[in-house]
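Annotated features in Swiss-Prot:
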- 3-49: domain 'F-box' (DOMAIN)
- 90-129: repeat 'WD 1' (REPEAT)
- S151: phosphoserine (MOD_RES)
- 308-316: motif 'D-box' (MOTIF)
- 470-509: repeat 'WD 2' (REPEAT)
- 511-551: repeat 'WD 3' (REPEAT)
Amino acid sequence: MDEGGMPLLPDSLVYQIFLSLGPADVLAAGLVCRQWQAVSRDEFLWREQFYRYYQVARDVPRHPAATSWYEEFRRLYDMVPCVEVQTLKEHTDQVLHLSFSHSGYQFASCSKDCTVKIWNNDLTISLLHSADMRPYNWSYTQFSQFNQDDSLLLASGVFLGPHNSSSGEIAVISLDSFALLSRVRNKPYDVFGCWLTETSLISGNLHRIGDVTSCSVLWLNNAFQDVESENVNVVKRLFKIQNLNASTIRTVMVADCSRFDSPDLLLDAGDQAGLPCRVFDLGGDTEEEATDPGLHTSGSGHVKEGLRRVFDSVLDGHGQLSDCALETKVAELLAQGHTKPPECPDADSRNKYLIFTTGCLTYSPHQIGIKQILPHQMTTAGPVLGEGRGSDAFFDALDHVIDVHGHIIGMGLSPDNRYLYVNSRAWPPGSVVADPMQPPPIAEEIDLLVFDLKTMREVKRALRAHRAYTPNDECFFIFLDVSRDFVASGAEDRHGYIWDRHYNICLAKLRHEDVVNSVAFSPQEQELLLTASDDATIKAWRSPRIVRVLQAPHPRPRPFFSWFASHRR
């Protein structure tokens, strides 16, 4: 090799040789001499290594926050939480859900063993508190969420009730004293519930109207139920929404519009022009949105005329409608004169979106409903329950509906609340739902879809690697989570998965012994991920970089400081 003089090989030839090597060999060769070291850090060399190693499409640009191709390669290789560092076995049954506090200092877990456990997130995770919900007639705990200042924990689960129903209940737990502050009925249980403000939460109730028609009512509840006056609300009705074809509202969550202005690091990958638009804006008045003009007119005269035409068609034998189809058609017509149109959005950045799964064709959740929550709706203050009900418009219309043409099994928001990630098991192309109680078969592959809540458009090609095997009637929720750069999800194939949000590539598979139900990134440290499984364990995963830092030997103190430390009181 060169000894400080002229190099024996020109840089261009060394570069061509390095192109044929793998990343590890390039780094090893860079230790030989200064010339090879310089070539081994060449930007064009690492650009080629990056696209080849990670198999990223060449038209996908580098992450906008990246400073070099070498550092970007290192980020995906060295900073993904894929090294198992701890296994928690305190639960005695399937672990269903995980949630972090906003500070990242604590997290909560829910399980089929009917406990909510709260953990200290130190370098070695330890159990802080366990709340047994069986004395409250719960079957199991399903979901939890910390409020914004991490002073309260919302926990929800299946409440057996007097008739062994599938209704649920929400409990609010103080994180200072671990006292149970309040309990709120929640039906169906997979509404889960969520925080709207630091001291108010959203729950649901379901009222049957017919065999396949119902009404979902979403309630705003005060976390503290003790009041000094009967004229002070502890609960207020937020929205009342009609359900057709055995569908119900489930999986509610809140997106904060004021956080949309955070730096946008998510760029569209490739040509998205060919993607079909899945978003239907129900708040607009364009002709394209009205699929059946007869069903979108208002006024009692139009409703009566529509009903007359439906019944005449049935009596004349022209319309071969099933009982379910007839009930749905009549319910749609009757609701037209009793539905409040969406309120015009304003420029107030304090507005929030209520997001939930729903449907219009079958009981299987195949649509995402979005309803704007205005500032005056974010408090229980106002008329006492029972007052102000004079209006005939007792249903609320949705602002937006996203149809995914498949069974939705999970949703999660990006840290800035702008992007909605959706786990969905697709229906066969061109499938038609003839019976609301018999939805189409669902795919074994899970598609991870991405929607921009600022533009209400699908912005990414579907991520696909994880799998599920249960049929429609046994399908259960797979919780996902999103960090600044990564998105993770569980799966029924005994693995958790991590993808890069920008490049749309799978970076890691995290093994369990059974179905992985939930994943959670630390909100303060995306190089820490938790996974929860039916194998009754919670596993903690850290990045190779963090593992090296934690395992590095600490330098021994110098003699003077050693003597000084030993003589301190």
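Yeah, the Cβs are placed from backbone N, Cα and C, and that goes for glycine too.
Long-range contacts of the repeat 'WD 1' (90-129) within the same chain, counting only residues at least 6 positions beyond its ends with a Cβ under 8 Å from a Cβ of the stretch, are 138-146, 148-150, 153, 155, 157, 171, 173, 175, 178, 479, 514, 517-525, 528, 530-538, 540, 550.
Note on the repeat 'WD 2' (470-509): residues 54-56, 60, 63, 75-76, 80-82, 97-98, 190, 251, 265-267, 269, 364, 407, 409-415, 419, 421, 423, 425, 439, 441-442, 446, 448, 460-461, 463, 515-521, 523, 526, 529, 531-533 of its chain, located 6 or more positions outside it, place their CB under 8 angstroms from a CB of the stretch. Here the repeat 'WD 3' (511-551) is broken down by DSSP into helix, strand and coil counts: 8 helix, 22 strand, 11 coil. There are 14 other Cβ atoms within 10 Å of the Cβ belonging to S151 (phosphoserine). Across the domain 'F-box' (3-49), the DSSP tally of helix, strand and coil residues reads 29 helix, 0 strand, 18 coil. For the repeat 'WD 1' (90-129), residue counts in helix, strand and coil come to 0 helix, 22 strand, 18 coil, using DSSP. The helix, strand and coil residue counts that DSSP assigns across the repeat 'WD 2' (470-509) are 3 helix, 18 strand, 19 coil. Mean pLDDT, taken over the domain 'F-box' (3-49), works out to 89 on the 0 to 100 scale.
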